[in-house]
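According to Swiss-Prot, the protein has these features:
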| type | residues | note |
| --- | --- | --- |
| BINDING | 123, 125, 127, 129, 134 | Ca(2+) binding site |
| COMPBIAS | 7-16 | compositional bias 'Basic and acidic residues' |
| DOMAIN | 110-145 | domain 'EF-hand' |
| LIPID | 2 | N-myristoyl glycine |
| REGION | 1-20 | region 'Disordered' |
């Protein structure tokens, strides 16, 4: 997919589906070919050669997100064995900065899509709810690179954060009331007022976020 094909129907369709310009699609295609070894699809093992991911404590969750059928809009659960370039673009579109030409409704929709992507990273069993155990796993992985924080401390941090989430989402709970986990609606409440744009970037693919701006 070179410059000669930049105006092709295929590229125009991808522009419409992902919001990327033809130049951005060409740039992402070059990165896709690097990752895939010039093959038509990418498998999980292709991400083993990404230096910026090697030391990332949630590397496995980031890679898994690329193959999650929910993120690929191919179903409510399950993982794909491999992804093609259009799938790759679909995932990368979650990281695309909000366009300044968007109206308020479009901005809110884009923000919700980004948060849904993050929610799926936590909700590993695809049941639509982030349980305490799932939350603990993420926190423990995030803190695993810190030699000063033991596993029990990480669990305590996760437990405290989950209690705070319950407070935000349910208000004052009865002593015998059990908080079963964070739904996506709860997740939206927790992230209300937080700048999601600064939390999602693509540096692990050796591509600066600004390169994906219009």
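If you go along the chain as it appears here, the first residue is 1 and each next one adds 1.
Even glycines carry a Cβ here, placed using N, Cα and C.
In sequence order, 122, 124, 126, 128, 130, 131, 181 are the same-chain residues whose CB sits within 8 A of the CB centroid of 123, 125, 127, 129, 134, the residues recorded for Ca(2+) being left out.
Most buried of the binding-site residues 123, 127, 134, judged by other Cβ atoms within 10 Å, is 123.
For the domain 'EF-hand' (110-145), the mean pLDDT of the prediction comes to 88. Neighbour count (other Cβ atoms within 10 Å of the Cβ, all protein chains): 11 for residue 125 (Ca(2+) binding site). Helix, strand and coil counts from DSSP across the compositional bias 'Basic and acidic residues' (7-16) read 8 helix, 0 strand, 2 coil. Counting Cβ atoms from all protein chains shown, residue 129 (Ca(2+) binding site) has 17 others lying within 10 Å of its own Cβ.
Residue counts for the domain 'EF-hand' (110-145) under DSSP, split into helix (H, G, I), strand (E, B) and coil, are 25 helix, 1 strand, 10 coil.
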